[in-house]
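**Q** According to TrEMBL:
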- H130: active site, proton donor (ACT_SITE)
- 295-457: domain 'Mre11 DNA-binding' (DOMAIN)
- 522-587: region 'Disordered' (REGION)
- 559-581: compositional bias 'Basic residues' (COMPBIAS)
Amino acid sequence: MSSETSVQDDSENFKILVATDLHLGFEEKNLIRADDTFNTFEEVLQLAVKHKVDFILLAGDLFHVNQPSVASLERCISLLRTYCLGDKPINMEFVCDQAEVFKHCNHPIVNFEDQNLNVSIPVFSIHGNHDDPCGYREMSCMDLLSSMGLINYFGKQTNLQELKINPILLKKGSNKIAIYGLSHIRDERLERLFKDKKVFMNRPLEDVDDWFNIFVCHQNRVSRPGTKYLSEKCIPSHIMLTIWGHEHESLIDPVRGDSSSGYICQPGSTVATSMCEGEAGTKYVGLLTISGKRFKMEPLELKTVRLMHFETVKLSECDEDVSTSKKTQEFVRRQIEDILLKLSLKYSGHTKQPKLPLIRLRVEYTNETQHFNGIQFGQEFQDRVANSNDMILLRMEKKSIQKKTKCIDDQALSNIMDNEEMDNIEHIVDQYFRTTNEENQLELLSVDGMAEAVDWLVNKSRLDAINKVVTHQMKKMKNHVIKQEGLNENNISEHIISYHNSRTQKSKDEANDVREVLSSQQYTAQNDSDNESNISHAKSDDEEISNDSSANTSVQNVRGKRGRGSRGSRATTRARGRAKGQTKLNF
């Protein structure tokens with residue numbers, strides 16, 4: 001197995017377009033940026049058509065939220081119908097048990113073998129942490145696209161006590177590939193499952209060494225303060241190439257992993273969803289060519305992406321006089337003009353590339369006399385920059401955390417937010433209370449509970465999540481305290497502190513308790529009414545989900561059933577329903 005640039009052109013080679021983190025619908029209510037994600041998604045699909053790929057492989061977060069707006073869904077569906085349906089022959093075979101690989105789907109059949117559809121470019125996708133299942137039926141927008149036959153949704157796990165990953169097996173001439181998909185799972189849980197040896201990647205029983213094995217995942221790749229991550233050492237040695245989603249920085253060129261797990265490719269997102277340095281680089285998708293055990297990953301630069309520039313300026317290192325607010329603004333104004341000039345030379349010329357760039361200039365000052373109103377300053381550039389309101393970020397140059405604050409420890413929070421890699425809201429909340437002083441610690445509410453509530457508010461748009469959790473925890477605290485013997489005005493504080501400390505020691509139970517509250521029928525019914533949605537939130541992946549399948553069973557060697565009689569006009573080279581000799585898997 002090798003990563004080669006000399007893979008010979010061959011009609012039997014697999015050609016795959018690889019992408020991840022498209023975040024459709026991001027900033028759709030922003031008049032300037034509303035079309036960004038869809039323009040780039042269309043470019044991705046156009047590249048698939050141009051390069052005549054066999055299929056598209058997505059590593060999660062097709063949508064920015066798991067309950068996208070009707071407008072976002074309609075635009076996605078329209079683009080998939082335009083570019084992925086048609087009469088182009090499918091020259092590959094699906095040779096594993098579809099009922100097993102797609103058992104979580106209402107229609108467990110690969111779409112190009114569905115006699116009711118005319119698919120020209122199949123799309124295979126796992127879900128990420130943004131478009132993950134929710135509601136009591138554990139559904140998401142990915143299930144909707146799957147039921148429509150527009151994508152082949154794989155990698156969804158319904159038993160989170162033990163993971164059995166069955167690969168998609170595809171053949172094209174003499175070439176064989178096995179694609180193992182693992183949709184997003186909380187990193188803490190996944191770490192425990194790997195540690196307890198509860199993750200199984202089932203391999204084909206027949207010609208086990210003839211398959212090119214690909215692993216598609218959507219997890220944290222690197223260690224960050226307060227976060228867990230999937231270690232590269234967890235990837236089994238038979239995996240030859242890992243397509244890593246979730247990380248937005250584009251590291252498209254495959255590199256050797258830390259262990260014997262083969263190569264790792266991190267395509268990165270197709271759109272910037274946060275104003276940080278890792279998002280400011282060039283965006284790519286990959287054209288993956290596979291021949292036997294050799295492969296080539298060709299980076300394809302995206303031309304429709306809005307230009308972005310991130311830079312930090314420390315006034316203490318400035319050679320100019322920036323002692324006053326006015327002089328500081330003059331200096332910053334020149335910096336912005338220089339940035340705009342540099343960006344003007346980077347436009348691709350694509351007709352759908354936005355003209356207004358994104359700029360984040362972080363200005364660190366040492367004296368309050370240097371401070372100015374960043375929002376008001378940005379109005380000077382509102383016709384030249386897409387994010388003029390938050391173009392300038394002013395903050396005191398990082399010093400040691402202040403010892404005393406009245407309410408919010410601004411410096412502690414600022415130091416945490418300085419870390420652009422701290423992109424998980426739960427971990428931001430957790431780190432704040434780990435680093436702030438004792439005066440700012442919670443005395444009634446739990447850190448884990450509030451972190452979970454903030455996560456539901458930010459990532460799942462549950463507007464009353466914090467109010468629900470505060471009410472619930474205060475009620476529990478009250479019910480506990482009033483039951484204590486000998487309760488009086490002198491010892492009530494001691495009982496409260498004792499109860500709070502006991503809950504703090506049970507962080508997992510506390511987080512699960514909050515998720516149950518936010519997933520309750522009463523909560524979801526009210527939330528659905530507020531949001532005019534019939535989809536409710538589900539139990540988290542830390543709660544048990546029953547699984548009727550027993551361990552150590554094997555997929556039956558059943559001939560794939562044909563659908564309705566094929567239409568006479570269809571090309572005879574299609575592999576519809578011809579799953580002759582399906583390959584058994586070794587559980």
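Any Cβ shown, glycine's included, is placed from N, Cα and C.
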**Q** Determine, from DSSP, whether the residue listed as 'active site, proton donor' sits in helix, strand or coil.
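**A** For the residue listed as 'active site, proton donor' - judged by DSSP and reduced to three states - the answer is coil.
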**Q** Neighbour count, 10 Å Cβ-Cβ cut-off, for H130 (active site, proton donor): what number do you get?
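**A** That number is 26.
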**Q** Along the domain 'Mre11 DNA-binding' (295-457), what average pLDDT does this model show?
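**A** In the predicted model, the domain 'Mre11 DNA-binding' (295-457) has a mean pLDDT of 84.
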